[in-house]
Structures are given as structure tokens and as C-alpha cells.
């Protein structure tokens, strides 16, 4: 049997269920194009993270208010007090992840660093849930850590080399970059803690992913008042960008507003795809699809935007994704599927 046949046999929902095929397409098209529009905005205005986050939250909250809560008439299945805790963590993670782009963090490093969620999940799982893992799990997490370390060190060198001017300016740029790394690390650990909290909630009250998606995006909206001046300033800057003709509405629109709209729509498509996957597929399949999506997004960022990416960056990236695949036990599952197909052949003969 061919390798493709093995994968098809291993992932029967993907071939048999049109919803799953549709979800995979949503994830790849939505998430990968979202990265392109986000990097386009960040390259124009590196500090635009807050307005992007606010727009995404407002759009998803509005959609959820109409279609999930039926204009507020449907009561939540999970107590609101638990959502307040979850939302505080989710809002913090989202804002910090986007705000870290203000601190000389290149988009490829940003994506690689966020791929380290396996490390944070394992560490907090051991500490909080008292979990124990197999040696292959510890090996995979060590590989992910090593890969991120390699990419981070190489990016640090690029910050120093790329900074022109006096030594003081170089030191300032490097310290600025270190703050960004600290922010990404904190967001990574906070995201893992939120995942554990969600896991315990779902065990107690059942899975209500779409409801959680709505409240995670609706309840934090008042928090953006703290960022209102920054959001307003970027609204002004976006309005001053070069106008482009939009045939659908028959008039010119500032190009950055158009990019922001496309970013919000693709973010929604991405999240909806992941949501459908979690309801249609095993968690292993979801992890594999998301990991492959991250890798393709990284390639797009490097090739399309010509981000600096050395041979060591490729080594680090390869180690990260190899470690992720080992963690999900894809190789073991493929071998099992191969053995199963061989047994079927022998039975038929």
C-alpha cells in the first residue's frame, strides 16, 4: 500500500466526512492567508497589534451574539464566573502575543516561538495535573525546546547585526528584543494554563466550544477601553493610507482598512475551521493539521515577505516540527496502519 493510502486509512474521517474535508480547507486557506494580511499590516505599522486584536474580537463576538446566543436569549451552559477567569487569560494572551510584534520580533520567530505550546502544556500538566508522560513525549519536548532555542539565538544575532548606529543603540535594540521574547514566553505559559483550565471545565460541564468562542471574544471587549488611545491613533493612520478602488462597492477605500477587513475575515475562517475539526476529528488529527498549517505559514512568510532565514533557522524549524510530530505519535500510528494493511492483504490471499 502506498504512503498516501496509509494516511487515508489512518485518517478515515478526512476521506469519509465532507465536514472534515471542508474544515481542513478552512484551516489551511483561512490561517495561511491570515498570516499574510497580518504581516502586511505589521510591516506598515509594527505597533498595530491592538487594533487588529480588537477588530478580530469584535467581529467574532458579533457573529456569536447573533448565531450562538440568539441575540442574548440563550443562557450559557458553563457558569459565567468560570468564563470570567478564562476570558481574563485569553484576553491577556491575545493582546501580549500581538503586542510582542512591537519589540523587534520577526514574524517567522513569532510563529516558531508559539509552536512551543507543547513544552508549556507538558510542564504545567506535570505541575498542576500531576501527569506523567512516556520517554518519547519528553524527547519530543526536548527537541521542540532545542529548535526554538536555535531560532531564538540566531534571531538575537540578527538583531545585533541589523542595528546600525552607536553601541548604545545596538544595546537598546537588543534589550527591546529581549522584552518581546519575555512577553512571548509569558503568553505561551498563560495559554497553556488556559488550556488546562478549559480541559477541567469541559470535563465538568461538557464540551461547548462555540459558546466558549463567543464568550472568550465578547467579555474582553470592555478591556480594550484601556487601549482606546492606541486603537484610535491607528484608526487615523489606517485612514491616511493609500486608497484603492474596490469594485464591489464602487469607491476607493484606504488600503490598510481593506487589509484589516481581510485579516479579520480570514481569522474567523481559521477559527471556525479549527472548531469544526475539534468536533469531527480526534485530537491527534487536529494537532497534525494545525502543525502542518504552521509550517506552511512559516514558508509563506519567508518566501513571500523575504524574511531573513539562515540555514540554522531551517535546522531549528525542522527540529521543532519533528519534535511536534513525535509528540503526536504520528509515526507509531502510521506503522500500526501499515501492519494492519499487511494483515488484511494476507487474509485476502
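Cβ coordinates come from backbone N, Cα and C, glycine included.
The annotation transmembrane segment is assigned in TrEMBL to 20-38 (among others).
Cβ atoms under 8 Å from those of the transmembrane segment (50-71) belong to residues 38, 41, 94-95, 98-99, 210-211, 213-215, 217-218, 220-221, 224, 227, 230-231, 234-235, 238, 260, 263-265, 267-268, 271 of the same chain, restricted to positions at least 6 beyond its ends. Annotated transmembrane segment per TrEMBL: 50-71 (among others), in sequence order.
For the transmembrane segment (83-101), the list of distant contacts is 42, 46, 49-50, 52-53, 57, 76, 107, 110, 114, 180, 183-184, 186-187, 190-191, 193-194, 197-198, 201, 212, 215-216, 219-220, 223, 227: same-chain residues at least six beyond its ends, Cβ to Cβ under 8 Å. Positions annotated as transmembrane segment by TrEMBL: 83-101 (among others).
Summarising the annotation, TrEMBL assigns transmembrane segment to 107-129 (among others).
Residues or ranges marked as transmembrane segment in TrEMBL: 141-159 (among others).
Among the features that TrEMBL reports, transmembrane segment is placed at 171-192 (among others).
Sequence annotations record features per position, and here TrEMBL assigns transmembrane segment to 252-271 (among others). Within the chain carrying the transmembrane segment (252-271), a Cβ under 8 angstroms from the stretch's Cβ atoms is held by residues 26-27, 29-31, 33-34, 37-38, 40-41, 44-45, 51-52, 55-56, 59-60, 63, 213, 237-246, all 6 or more beyond its ends.
Residues or ranges marked as transmembrane segment in TrEMBL: 283-305 (among others).
Taken from TrEMBL, the feature transmembrane segment covers 311-338 (among others).
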